[in-house]
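Following: one structure in structure tokens, then a few remarks.
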Amino acid sequence: NLYQLWKMILQETGKNAAPSYGFYGCNCGVGSRGKPKDATDRCCFVHKCCYKALTDCSPKTDSYSYSWKDKTIVCGKNNPCLKQECECDKAVAICLRDNLDTYNKNYKIYPKPLCKKADDC
């Protein structure tokens, strides 16, 4: 669910997810649409595509189990749907961490109407 995603992002990046990524670029957070602005925004685009690939799942509300061991996210024993949701969230948290150097404050609250049509997943 969103709380677990935000928690993973905080653990991996040290950034509070909602204010840092909630309106970032064209693909992070609310109203995501459009060609990614940078590598950070691309992480969110890939995450959105990961969620889209989940059929019969509710990734924004489902609750899965995971742990934080030795600074590593470990998805727990979940049903297949929950396992994949956890893996999607883990991947975006790691991607955001790996691209912290591309984080651009100018994209933190980016006007979505300026976003061009996105690539297909």
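Cβ coordinates come from backbone N, Cα and C, glycine included.
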> C88, C95, C115: which one closes the disulfide with C50 in Swiss-Prot?
Replying inline: C88
> Can you tell which of C28, C75, C81, C86 Swiss-Prot lists as bonded to C57 through a disulfide?
Replying inline: C81
> Disulfide partner of C44 per Swiss-Prot: which of C28, C49?
Replying inline: C28
>> I want to verify the bond table. Which candidate from C26, C43 sits on the other end of the disulfide that Swiss-Prot records for C95?
In response: C43
> Which of these links to C49 by a disulfide bond in Swiss-Prot: C115, C121?
Replying inline: C121
>> For the C-alpha pair, I'd like the distance in angstrom between C50 (disulfide bond) and C86 (disulfide bond), rounded off.
In response: 11
> Of C43, C49, C75, C121, which of the disulfide-bonded residues has the most Cβ neighbours inside 10 Å?
Replying inline: C43
> Taking the Cβ of C44 (disulfide bond) as the centre, how many other Cβ atoms fall within a 10 Å radius?
Replying inline: 22
> Cα-Cα separation of C44 (disulfide bond) and C57 (disulfide bond), in Å?
Replying inline: 19
>> Measuring Cα to Cα, how far is C88 (disulfide bond) from C49 (disulfide bond) in Å?
In response: 9
